[in-house]
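Each remark here refers to the structure printed beneath this line.
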Amino acid sequence: MVKKRIYELAKELGISSERVIEIAKKYDFKVTNHMSALDENEQNKIRGSISLKAKKKEHIQHNKNKDNFHSKKVQKSNTGSKDENNHKNVHKNNRKRSGSSMKENNNAKNGQRNNRNNRSNNKFKNKRNNNNKRNNNFKKGNPVPPRKNKPLPETLVYTVGMNVADIAKKIHREPAEIIKKLFMMGVMVNQNQSLDKDTIELLAADYGINAEEKVEVDVSDIDKFFEEEQNNTEHLEKRPPVVTIMGHVDHGKTTLLDKLRHTHVTEGEAGGITQHIGAYQVRHDDKIITFLDTPGHAAFTNMRARGADITDITVLVVAADDGVMPQTIEAINHAKAAGVPIIVAVNKIDKPGANPNHVMEQLTEYELIPESWGGDTIFVEISAKFGKNLDELLDMILLEAEMLELHANPNQRGAGSVIEARLDKGKGSVASLLVQQGTLHVGDPIVVGNTFGRVRTMVDARGYDIKKATPATPVEITGLNEVPDSGDRFITFEDEKTARAAGEKRAERALLKERSQTNHVTLDNLFDTLKEGELKEVGVIIKADVQGSVEALAQSFKKIDVEGVRVNIIHQAVGAINESDVTLAEASNAIIVGFNVRPTPLAKQQAESDNVDIRLHRVIYKAIDEIETAMKGMLEPEYQEKITGQVEIRQTYKVSKLGTIGGGYVIDGYIRRDSGVRVIRDGIVIYEGKLASLKRFKDDVKEVKQGYECGLMIEKYNDIKVGDQIEAYIMEEVPVD
């Protein structure tokens, strides 16, 4: 017995599933919805019922046509008698008119008086009669033209989550009709409710059309697009190499680049040290080389951390008189970690104490062995100051680039990375980009990191306006809504609407990610964190001047136990607090305790930016008490006063039920709505309290800066006078040393 579902039988018979269910229920078949199955006998009965009804319908239609034909004949024969009756009626009407003419003459005067009223009444009557005529047309059964549905499409292209209203538009049907169908299927929805994949496909099957799912591409995933563009191997062409110059401070990196591009960067920079990242191009033997000039290795590392591996070759500059220095080793490690080939430029060979061989010996310890010694590292002895052997260095760079076989497709959409970015007062957001794939054009909609916009202007490395930039070309663009981060990737889109949607979505995700990040523990928030159950142990890094102090602190901390929460010593060592300690504390959410030691300037700066808590002590028991007290929630923060601004009262206004309003001018700093204030008259503090309100014109504001006027009221004080000085201050928390 071949069973068939109701919706399949309905499709075969060319009727709706509801109609089949209705017939099936008349025969007492056990059916519930369009998915119910029918056996062969049940199917035949339904088919028979449909065919019988079709015959009846045909018979009725035939009889109806007969009746219509007969009625038309009758109407024709009656037309003659109607004409005779009309002729008689004309004579009767003429007699009536002659008899009534006398009455009309007598009433003429009265008619003139009531003429005005009659006009208005006639208008009302005509309007009412017209409405009645319309209503009578419907009452008489005049046929209303039926609404014609557009034909169903062959395929319904849908996305998961579409609502009934969207589907109705796609298949040219009313939402009410679809809701009714879904109700018959046992699905209760309204027109704005999202539908899942199965429901949409069942609905399409019920209408007898195909369903095709359209998978939506996440336009905000620019990393995916970037990789697709990178992996596109069609129409590849040779591109210039991108070279980064690295090395120890004052070993001549910028001087070398200055000589290579024939400009004077060094003279214009403070102390001869590079102050920003730049990208420049040099032409040698009719070939172009792109150089990146970094202010330090941190920028290189940050770019790598963001996935921007933009460098093809690293030129390691080592001074022949100084040899290998700490930053030289750091540069080697960064280049090796990035998997970038290294060319060593031994600089300052013109100096009296220069010893290039000693440099080569030192670098062998770091697996950089010269080709002349049987290795594979290119060494070039140069003098950046006098321009000696620079052509040879460029030749070696081009040779290395040839070995790397660098290619890109300029015929696809532009993609690349941010070298640097800044906010310019006149231009707005300005970003230096390196095009890595495709071609970037002026006017292209673009997404850069979590920002978006349209390329408004584009300037090359020489400062000239250009219309397009091909692979390995550094450019400076304007037109972004915000300033991106160095190392961010960029990609262009076909239209600005898509670019905006992608940029806004990325910015939203970044904000959510930032909010969801773990707050670093400090002694001030330690008790609250423990109370919330977020922390089961307190991580501590101990640094002291001698080993004995380190061990004494470690042993004492281990003995602290507050409500089952213990102290975990993550790291302990002798010496100053350095960047590595801060990085470890940031990663492990720990507190740094220093005893008779201080943090290095860089470590202090990093701790402030990473929100890592450093506590410095000279007495051991105070350090122990501080940790224990913080864990018990009894540590009181210390505050100090900070003067933020001064306001001069130039006019006063008395307002009933409110008090005295002082019209002032901010002569220094700023005043905030939440600031504490002092009223100073002739150098004497008259009153100290808080602001009740702060306004600019009629608007309440949070802050008024120097050079602007404001209106203010002080809580519980109405004796403000012209000439008074209002001193604004805030209380800042002081870190415990």
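A Cβ is built for glycine as well, from the same backbone N, Cα and C atoms used for every other residue.
Since this is a predicted model, take the numbers as computed values, not measurements.
The region 'Disordered' annotation in Swiss-Prot covers 55-152.
Summarising the annotation, Swiss-Prot assigns compositional bias 'Basic and acidic residues' to 60-70.
The compositional bias 'Basic residues' feature in Swiss-Prot is assigned to 88-98 (among others).
Sequence annotations record features per position, and here Swiss-Prot assigns compositional bias 'Low complexity' to 105-121 (among others).
Look at Swiss-Prot and you will find 122-131 (among others) tagged as compositional bias 'Basic residues'.
Sequence annotations record features per position, and here Swiss-Prot assigns compositional bias 'Low complexity' to 132-142 (among others).
Per-residue pLDDT, averaged over the domain 'tr-type G' (238-407), rounds to 79. The annotation domain 'tr-type G' is assigned in Swiss-Prot to 238-407.
Residues or ranges marked as region 'G1' in Swiss-Prot (evidence: similarity to another entry): 247-254. DSSP assignment over the region 'G1' (247-254) gives 2 helix, 1 strand, 5 coil.
Neighbour density for Gly247 (GTP binding site): within 10 A of its CB lie 25 other CB atoms from the protein chains shown. Annotation comment: Swiss-Prot describes 247-254, 293-297, 347-350 as GTP binding site, evidence class sequence analysis.
What Swiss-Prot records for 272-276 is region 'G2', and it gives similarity to another entry as the kind of evidence.
For 293-296, the entry in Swiss-Prot reads region 'G3', with the evidence type similarity to another entry.
Annotated region 'G4' per Swiss-Prot: 347-350, in sequence order, evidence recorded as similarity to another entry.
Broken down with DSSP, the region 'G4' (347-350) shows 0 helix, 1 strand, 3 coil.
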